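Read through the structure below, which is laid out as structure tokens, and then see the notes.
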Amino acid sequence: MAALGSPTSQMDAIPVDGPPDPRASKEAGMNKYTLLCALLASTNSILLGYGESFSSVFYRCLLFQMFDLFLHNHIHQVSFLGFHTNWPINMFADIGVMSGAVLYIKENMKISSTQVEILVGSLNVMSLIGSLASGKTSDYIGRRYTIVLAASTFLIGALLMGLAPSYPFLLTGRIIAGIGVGYALMIAPLYSAELSPAMKRGLLTSLPEFFITFGILLGYIFNYALSGLPPNINWRLMVGLAALPAIGIGLGVVVMPESPRWLVMNGKLNEAKRVLRKISSTEAEAELRYEEINKAADLVTNAEKSDWHGQGVWKELLIRPARPIRRMLLAAVGINFFMQASGNDAVIYYCPEVFRAAGIHNKKELFGVNVIMGLAKTSFVLLSACYLDRFGRRPLLLLGSVGMVVALGCLGLGSTFLEHSSSKPTWAIVLCIVAVCADVSFFSIGLGPITWVYSSEVFPMRMRAQGTALAISVNRLRQKA
């Protein structure tokens, strides 16, 4: 990527698959301070995971309510993936949903299904707006203060939702939280990528996917644990607890440095040197990284650096992009689009019914299965993160994508056979269960973590923040669709 012909493209487009500088290979190591900063920045992604677990509860409840109405008016049996059931469809909502916030909010606030739909959709819509605005914001105020902005915005939203006396306050809190989620999605991998040494960049930049998964898991666990409290208290705690990681991030920023790349782009060279000494394992590594960053920023004149806030980047990306920039933009936007288009969310969403068909009917057992699935997903994300820097991005992305194709093909085969069979052969049920688990696992190896890594690496330094923001906004747009 660094060898691209366009002058603009030579401005530090971090190599995605190529080996890092040999001198860096010898000197670079896992600096504990860098790891701590990447962990703190990536903790922002818990906000998305926790918020999405809350959203999935809403969506599932609404979906099953519509199905239930359809069943009462038309039929008495429904089939999904070939699994037939005579139970009322709203029993499906008991699978991790009865312990969720939506039922209690509807009951406690006496709101309609339309109001619930608006409440649910507002987070994704506003996260799209937040992610679009985050690039320009981080170029203007810096990466560190953008992290503060993301955390504080979500904190305000969570507190408004938890303390909401009425539906308008609840909706306002959800809207504000959605903006914070959009900012967090962009800034976490970007900050980690700009802080990390080349040899560890894949590991540290994939941490946001781990925290998204961990946040979803936390959301389900808290929903389940708090469901026994009175209806006017439990849902407030469910949504209000999201303020805790936001507070932790806000406190953690005290020890986090500004991105050295942003400092160099703004002409703050001495401060950039100080930061690089803190986040590098040796003085030699710090000097090497400073030389590389300064060389990448050479096309920006000293006069521009003193007043540089990311101006003109949108024009270069969208209106008059050079051919290499078009390729970068297509790659980043494409991987974000296909991350959501892969259908992984739908597979996870309906996997309880697959396990129900396997004979697991108890609600607590089904919840336990969901937790195990979440733990497996988290484990495979960590496995991928550990090998990203050894094998490169493309091999793991190809492995994950091919694995998902095979898994979804097996799921389609097994479910089609069950749908057209009067009995439920054990082999078909086992095939569907294995396929669901395999699809989730391969997603966590490939598209899940690598999307964030690739998006934050592929653009040249001057347009990295706004290019990443544009790519991630496509992710949110496709997720909403």
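Placed from the backbone N, Cα and C atoms, the Cβ positions cover glycine too.
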For the record in TrEMBL, which of the ranges 33-51, 52-70 is the transmembrane segment one? 33-51
Considering pairs 6 or more residues apart, do the transmembrane segment (203-223) and the transmembrane segment (145-163) have at least three CB pairs under 8 Å? no
Going through 145-163, 169-191, 235-256, 369-388, 427-454 one by one, which has the most CB pairs that fall under 8 Å from the transmembrane segment (395-415)? 427-454
Considering every residue in the domain 'Major facilitator superfamily (MFS) profile' (74-481), what is the mean pLDDT value? 80
Any contact between the transmembrane segment (328-349) and the transmembrane segment (145-163), i.e. 3 or more CB pairs below 8 Å with pairs at least 6 residues apart? no
